[in-house]
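Student: The structure's right below; bear with me while I get my questions together.
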């Protein structure tokens, strides 16, 4: 009988092990719903008895800057939008936990708060977080009243950080990088669990690390999965438990499991390690991002006490200095975008429901992206999940501005970096930890690497800093070169990835120079624009930037186009209210550049005719077709215009002097003479009607106080086709329980949050927020000469009581499909091996000016001129090719000192000084050098070339650029040397 019982128990245990464990004592509440908010700093607002009855009712994600962003023209000069309300505000939330939860542990988790958050529970200060972008949490348990009302209070401050404000450490809280959209702008969760539990990955304050999951010995036949689980026992007695680990596949089946009996002493945390093996694992590819999940469960006396889920993706990868990026034995080129972690949306600011973040990711996936670099702070947890599910190799920073930081600033950054690793280390999409947006000191590099060694020793991830080339000794610490603007390879012994290329800007509303321009080219600020591109030019130039900077370079891993969506940060065009570098605008409506990159990057054969087909009679123009095919044919009204088998920059098929005719234009794409794909565009009729289309989350529009519904408004012809040249004002009315948030016009200040909006290129998009009351909402659109149209939405009630709901934020469900490999890739030139980058001609080099100077080798056209600006040499006499050279900060253009730059000639050599013609020539230049009569061009500035010969061992001293006033836009001189032969 005993034997029979034992067998039955074993059989029951085996059955339990193959069923996914889903229930336990743990509950995660969505803590976003029903907060009180005031846009001021009242005294004692943290007190439990403070009367907040008159405060505004809101739900998170929430920002108090949604009403004052995207509404000012850019200053240019790479500044972001700075005319936003800043100061201290308060949030309070009333909630009640069941009496039955007494004895449980309760933790609050903030995905992040901008910028400084002081958190209180029932009047007790729990702590402060200053990172603005990294999740953090607190233990509420000792201060809670179970079965009674509790008050969480959060004091939030979004004052501007600045490199130039003394004693203000938060340099990344600055509109240049991250517009200061203050508030609890990401999700908040409340976790309740048994005192015997798996910890949360919230290192700050809690000093807990959760699970650490990694795969080893990976092949197509098997993979070993190690799970390190941190278990905490806060019971008064020791506990004997069984840790169950289940590996669950994408279909929900348990494919591997293990049981481990462990004794957990009272009051202790323990790391328990288990190893399981998966047979015939599905591997994680960018084109097939297969995800498993790990279920960790604590059982005591066969009762499930606690469960915790972790993501798992199994992949081998290699960043190779000679052949680029490899994943699971496949060589691919990485292509995608840099994106701001604020991910701001016109009318909504940085406070977006998760499904809208997913909406943006789906667009990036549609356009063929497989790489994302978050700049220059960490993405939200939802966005990291999306990187996993859509197959985006991720370059992930902590928090950074653009500087080498010291003191308190570094302390905050380093603490945030450790928190980042602990929270995100299980995500397979993260391949590179970014130490910072600038080179670090050796001491800081050592700390960064120590953090990775401590918290992610088995992840095999690389570490790099953007602009690590500022310091020659970076190479001893970074394991990948993170480039900028694609021009240079400073470290031939390291693999290279591009973090920011193509910073050009163009608004969606300007089609081309043959179409109405909305007075763009006559705008009073147009002369101040760094870029004056139409949507057509911007689209076509995508191929130039991509192909020449990294696409055609076999050794290059690929890179991030800067950026995906227009936003109020770092713009250079004061005709616009955003930085207009995005492939989509600030409400995620695609520009022609979006479709251009889709035609370049999607694996399926693609053709895209750039622009529209609604021109005036007599128009002849160049038509561009973007395609990943080998050849393209173009037709107008079924008459062959031409065949092009010789694309520019790999993907641009150009057809000159195409005569417009009303009707159709069609492009056909061919590979190996076989027709693979077509696209047709038509001449639309006269504008005849307005059309409204609503977009909601995958589960509908939720009445949770923070959900968003989008409404597209189009001008269409009698056949319902969008009229591409339509513009003009549309007025809206709204009725029902909702808050109007509107949209924006890209070239008009103060266009957000209004009940009117201009159509741009035939379409625009507005947003409405839900409130806590469900019901029917009707939006009506009116435009003179058109019939009024309306769309009706229903906001759906959610189940929440006592301030709590278990309805978690919604996102799209990704249907996993295996994308094909590209059928055609443009031929790459032969690989050119890297060259040395250590100077032999400069000895004992020193530089005493402000900022940093560096020595470089192998000068050629396109190299950067300065350490602090993205200015390149665009015209260069041939004899300067392959020079060794000095790169200084341009910020010293008006700094004078006798010994600003000094070195000893390593060999007999030619010295060339390139000097801005608008600046008075300094004494040393006039005395010691001869004007060659040649000129170099640096982004439009003409620089005269001066020359002398120096003997080996000769000491060379160069003074400052000028001891008098110099023009505001002048350039610092630069120095090149070549061995005398």
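Any Cβ shown, glycine's included, is placed from N, Cα and C.
So Swiss-Prot says this about it:
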ACT_SITE  500  active site, nucleophile
BINDING   561, 562, 563, 581, 583  Mg(2+) binding site
Student: To the nearest whole angstrom, state the Cα distance for the pair residue 561 (Mg(2+) binding site) and residue 500 (active site, nucleophile).
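Tutor: Between the alpha carbons of residue 561 (Mg(2+) binding site) and residue 500 (active site, nucleophile) there are 6 Å.
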Student: Cβ-Cβ under 8 Å from residue 583 (Mg(2+) binding site), same chain, 6 or more residues apart: which ones?
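Tutor: Within the chain, residue 583 (Mg(2+) binding site) has Cβ neighbours under 8 Å at 337, 367, 561, 564, 565, 590, 591, 593, 594, 597.
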Student: What other residues of this chain sit with their CB within 8 A of the center of the CB atoms of 561, 562, 563, 581, 583, the recorded Mg(2+) site?
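Tutor: For the Mg(2+) site, the extra neighbours are 337, 338, 502, 503, 560, 564, 582.
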Student: Quick one: Cα separation, residue 562 (Mg(2+) binding site) versus residue 500 (active site, nucleophile), in Å?
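Tutor: So the alpha carbons of residue 562 (Mg(2+) binding site) and residue 500 (active site, nucleophile) sit roughly 5 Å from each other.
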Student: What does the structure give for the C-alpha distance between residue 581 (Mg(2+) binding site) and residue 500 (active site, nucleophile)? Integer Å is fine.
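Tutor: Spelling it out, the Cα of residue 581 (Mg(2+) binding site) and the Cα of residue 500 (active site, nucleophile) are 11 Å apart.
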Student: Per residue, counting other C-beta atoms within 10 angstroms of the C-beta, which of the binding-site residues 561, 562 reaches the highest number?
Tutor: 561
Student: Name, in the order they occur in the sequence, the residues of the same chain whose CB lies under 8 A from the CB of the residue listed as 'active site, nucleophile' and which sit 6 or more residues away.
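Tutor: Listed in sequence order: 338, 373, 375, 466, 484, 485, 560, 562.
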Student: If you run the three-state DSSP split on the residue listed as 'active site, nucleophile', which class comes out?
Tutor: strand
Student: So if I measure Cβ to Cβ from residue 563 (Mg(2+) binding site) and keep only same-chain residues at least 6 apart in sequence, which ones fall under 8 Å?
Tutor: 337, 338, 339, 340, 375, 579, 581, 582
